[in-house]
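**Q** Quick one: the structure is below, questions incoming.
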2 protein chains.
Amino acid sequence: MNYYVCLLQEGVSSIPKLIEKAYANNYNVVATSINANMVPFEPDESDPTYPATILSAMDWNSKVIFTMSDVDVDSPNVKLRQHAKEVLLRDVAWAEHLQNMGSVMVRLRGPENDNLAAIVRSKTKGNWFIRVPITNPDLATFEHRKDATAEEVAQAESNDPWSWWNNLRIAAKYSSKVKVVVELNDSDRPSKETVRRWLGEPIEAIIIPSSLFVRNRSNYCVLKKEWQLIIGQFISVRANIIISTNPKDNALSQYADYLKKLINENCDTHVLNSYENMLEIPLQPLSDNLDSYTYEVFETDPVKYKLYQNAVQAALIDRVSDEEAKSKLTVVMLLGGGRGPLARAIFNAAELTKRQVRLYIIEKNTNAIRTLSNMVKTLWANKDVHIFSKDMRDFSPPELADIMVSELLGSFGDNELSPECLDGALKLLKPDGISIPYKSTSYINPLMSAILHQNVCQLLSTVPAFDYGYVSLLKNIYHIDEPKALFEFTHPNRVEKIDNTRCKVLSFTVKKDCVLHGIGGYFDTHLYKDICLSINPLTHTAGMFSWFPMFFPTRPRTLKEGQTISIKFWRCVDATKVWYEWQVVNSPDDWEHHNTCGTGYNMRL
Amino acid sequence: MNYYVCLLQEGVSSIPKLIEKAYANNYNVVATSINANMVPFEPDESDPTYPATILSAMDWNSKVIFTMSDVDVDSPNVKLRQHAKEVLLRDVAWAEHLQNMGSVMVRLRGPENDNLAAIVRSKTKGNWFIRVPITNPDLATFEHRKDATAEEVAQAESNDPWSWWNNLRIAAKYSSKVKVVVELNDSDRPSKETVRRWLGEPIEAIIIPSSLFVRNRSNYCVLKKEWQLIIGQFISVRANIIISTNPKDNALSQYADYLKKLINENCDTHVLNSYENMLEIPLQPLSDNLDSYTYEVFETDPVKYKLYQNAVQAALIDRVSDEEAKSKLTVVMLLGGGRGPLARAIFNAAELTKRQVRLYIIEKNTNAIRTLSNMVKTLWANKDVHIFSKDMRDFSPPELADIMVSELLGSFGDNELSPECLDGALKLLKPDGISIPYKSTSYINPLMSAILHQNVCQLLSTVPAFDYGYVSLLKNIYHIDEPKALFEFTHPNRVEKIDNTRCKVLSFTVKKDCVLHGIGGYFDTHLYKDICLSINPLTHTAGMFSWFPMFFPTRPRTLKEGQTISIKFWRCVDATKVWYEWQVVNSPDDWEHHNTCGTGYNMRL
């Protein structure tokens, strides 16, 4: 992963020299005033600060973050406000002249930011980095002031800088060019929940003041354990690092080297990182065939097939005693053979338990059949294995199965129609036959994620994006409350009239002021007895990456700490399709009812 | 530039081994039958050819071009046609299983390709490479058959493979996933015009049969000069190389190395290559300010400012004799100073001619003024130079100019409103004062370019794309005929009632059957006496890159060799804007009249 470590210094007389110093000390970006060199505080000041030619266009774009004049365009004082606007607009014009895709940074001063938002929206090139203190700076001053009243403290606590940012980004219409830069300070360490909430925002970077560093016994600049943990969390959601210090500081390289070490320790490296926060519209489970690339990705899961193998092993031992091992044949039916990974797990299980197994592989994808057939001819030439190129619902078996093995589960458990498929395959199973897996449960919880919301909005031009559920590797999210169990399905389902529709309301408590952007969806499944797979964040199977969570969007609404929100979820079935509907049902008013009649996301039968 | 050299061999038994051999001989891609290993010619053949697992998904996508079964889905014989469709659809399904963004290649057999086009349109992943012989293969056979009648030869000549491709791409709706692969053959060398016409197509690669190589005196495989030139032309428009040979050939590395050398010699390396075939909507010349990046790019032009300097030098010498050199001051007015390159050229000219110059720089971009002011303070502290932050039309000069210097010309000459600006600046000039430049002329010609047409169509969702003129670095184009002069403007224009509207019809002769996709636009300008700048392809100033040509799109129509087409062009002016209109006015029917009333592309006054 490419993180940058940026040196932020004000009062600089030469930007090229600052860059030189920063590079010599292992920084790769600098941040400094756009009016470096001198400060023409009059907006119509004609004197130059520096010519455009001191850096090349490429350097202006890639090496410099401009900090804008620290003026209050939302001041209640008309004169001050007017002057501030002129100064900031002049800075914007100069920034747009120098940078195409570069970035400018501006500091929030309080909750009122409507004029700033208007200026933010008017700039068409590059990004805005919005600098926000992680906690209200007033709180820090109280640490030194023993005379602060409880009322003053309470007021400062309620004036939460996150809400300053929230007001601005709403006024700036969730523009993807507007990102937040969270500024730490040495006098107040934020609570865990405060940090977690910021992870649901489009974090560009965190600012670490050099005063956060302490000297260790070897006289090196280091961070205390508590700060390491906080900064590590930001790094894990791809926040870059900005070190803020004064021009005379001579420990610059120690800070940069220390942070680069911290980045290496905390950056979440995995091959799927390009999927983070992306929204994928799920495939049609019955009509779309997987391609070879998708099979290949799933086959590399280091955990899933091992757990399936353990489950089949345990089932074989339970069904066939050691005495019968040589004589008793267990018929296993694999529903959906793909390119063979589960077949391999079943053969491994038979070999390890020394049980006799006859394996029927049913697979509807004729392309996968080519590869399976080749495996039968080469790898499994001496096995009792039979391939059928069929939809499992239409398959007439030559004999009934002791064990039915399948991996038909989607990110939300039943969303790839495993209930319908396994119900349809019931006729393949002996009366005492078992299904691996035998139970699956879906889970949901409310989420804040500005980036996912932006991505949903971008899809609006092509699909009714708020009526879709998406598969997404959730990264920049805040769990407003913990996941709770939603729908459960068990197999085999031998009730006479099977009903796979469901409806349930779950209530959650808002842990901190935030915005609801949607609902996270997860599942766990019991393969055999207590052998489980889970993508529920509370119980996630370690190392397993076969399933990303789901995300069901809602229209954004700001929530207050302590508030209860109730989410109603439906699983609906008609003759041709299965779909979900969802709605926040908060008294006194219900929010939008999503995906009514399955007009958006649905699974065709 | 990243070209690939691909090894095309059929009758291969193992694709991994073919890749190994190709890599060992300096190829980076292979092309071979999708049914390598064996040929299950029955469409419902269930026997595998090879399993998907012999290569990783990444290799299937990046190292292999599949050649599809060579069946005739447009055969007049119903049974053959039906069978061919089933075979090809099976191949497509297998290709889509193995490849996400990979490519398949199919051979055209004649002018009828409607069924093939339907299959091409139905494949959603990856690219189609359409293999087309550069000339009709029948012609080649006549070389050996002395008994061919003149009629047979004429018929083969009229059955032009380019038209096979043209029919297919029209039926495939100009999909950007469909590219052409032109196959050379050793018995018939194509004419220059035949080669040039292919350059207007979306060329993916050329196929060079190994039989095209001859042994030189050192027994190395080389190509004859004539073939080198032809292949070099294809390389210059980014065509990749496919070497077609038989599995027993043992000169493989010689071909690859030879072609890599040829690529190095012919590939057009320049820093602006990412702009090739891209369409840029021109800026508003009066209201949009250039940014620092754009200034920087233009300032690096190695030719333009030198020619301006030469022009000013010549003008200074003409206006001030050697005797007067020390005493007579020449007032130069620079209209549009930017970041100073023309001012530098003017000071250089003054120094070289030892003439006394007072320079007024007028610049409306307040951001550029910052840099200019700094230059005045530092570089030009001892010069007689004065900066005015003004629109030249509103500028009241302290004295009148001997020489007015400007670079207000756009890619189409007058399209950045230089006539209007220079007319407005006439009041700054002495009665005998001169303008550098003093004349500009626009040029047009008809073009075929499938890629530019695709790019225009992609813009249709956001703008009325056929009513815009674009700035474009034309690369994959075919000049249907040579450019001719359109509109001329001279400066200073001292006529009493200036009329800057124009209208003219120009006629062109179609050199070869082709498709008209639009009109190329160019200009040349006389700076002083015979010192010129030109982007007319016939007279292009060597090394100058400050202007890309313009492209005015038309709806595609197939044209026949020898046909005359007449293009009517208007320059229109009203109180608020200037715009062009264009129309092909071919009897008996006029084609679409583009940009009526300037509702699309226009320049605001």
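The backbone N, Cα and C atoms fix where each Cβ goes, glycine too.
Since we're looking at a predicted model, the values are computed, not measured.
In case it helps, TrEMBL gives these features for our protein:
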- B:26-264: domain 'PRMT5 TIM barrel' (DOMAIN)
- B:268-436: domain 'PRMT5 arginine-N-methyltransferase' (DOMAIN)
- B:TYR295, B:LYS304, B:TYR305, B:GLU363, B:ASP391, B:MET392: S-adenosyl-L-methionine binding site (BINDING)
- B:PHE298: site 'Critical for specifying symmetric addition of methyl groups' (SITE)
- B:GLU407: active site, proton donor/acceptor (ACT_SITE)
- B:GLU416: active site, proton donor/acceptor (ACT_SITE)
- B:440-603: domain 'PRMT5 oligomerisation' (DOMAIN)
**Q** How would DSSP class B:GLU407 (active site, proton donor/acceptor) in three states?
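**A** Once the DSSP labels are grouped into three classes, B:GLU407 (active site, proton donor/acceptor) ends up as coil.
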**Q** In Å, how large is the greatest distance between any two Cα atoms among B:TYR295, B:LYS304, B:TYR305, B:GLU363, B:ASP391, B:MET392, the listed binders of S-adenosyl-L-methionine?
**A** 24
**Q** Report the same-chain neighbours of B:GLU363 (S-adenosyl-L-methionine binding site): residues 6+ apart in sequence with Cβ closer than 8 Å to its Cβ, ordered by sequence.
**A** B:GLY336, B:GLY337, B:GLY338, B:ILE369, B:LEU372, B:ILE387, B:PHE388, B:SER389, B:LYS390
**Q** Indicate whether B:ASP391 (S-adenosyl-L-methionine binding site) is helix, strand or coil by DSSP.
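**A** In three-state terms, B:ASP391 (S-adenosyl-L-methionine binding site) counts as coil.
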**Q** I want to verify one value. Collapsing DSSP to three states, which class is B:GLU363 (S-adenosyl-L-methionine binding site)?
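**A** In three-state terms, B:GLU363 (S-adenosyl-L-methionine binding site) counts as strand.
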**Q** Could you find out if DSSP has B:TYR305 (S-adenosyl-L-methionine binding site) as helix, strand or coil?
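**A** Its secondary structure by DSSP: helix.
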**Q** Compute the C-alpha separation of B:GLU407 (active site, proton donor/acceptor) from B:LYS304 (S-adenosyl-L-methionine binding site), stating it in Å without decimals.
**A** 10
**Q** Cα-Cα, whole number of Å: B:PHE298 (site 'Critical for specifying symmetric addition of methyl groups') versus B:MET392 (S-adenosyl-L-methionine binding site)?
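**A** One finds 21 Å between the Cα atoms of these residues.
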**Q** List every residue in the same chain as B:TYR295 (S-adenosyl-L-methionine binding site), at least 6 positions away in sequence, whose Cβ is under 8 Å from its Cβ.
**A** B:GLY338, B:ARG339, B:ALA368
**Q** Would you count the other C-beta atoms found within 10 angstroms of the C-beta of B:TYR305 (S-adenosyl-L-methionine binding site) for me?
**A** 20
**Q** Just how many other Cβ atoms lie inside 10 Å of the Cβ on B:ASP391 (S-adenosyl-L-methionine binding site)?
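**A** Around the Cβ of B:ASP391 (S-adenosyl-L-methionine binding site), 14 other Cβ atoms lie within 10 Å.
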**Q** Give the distance between the Cα atoms of B:MET392 (S-adenosyl-L-methionine binding site) and B:GLU416 (active site, proton donor/acceptor), rounded to the nearest whole Å.
**A** 14
**Q** Please identify, among the binding-site residues B:LYS304, B:TYR305, B:ASP391, the one with the smallest Cα-Cα distance to B:GLU416 (active site, proton donor/acceptor).
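**A** Comparing Cα positions, the closest of these binding-site residues turns out to be B:ASP391.
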**Q** Give the number of CB atoms, excluding that of B:LYS304 (S-adenosyl-L-methionine binding site) itself, located within 10 Å of its CB.
**A** 23
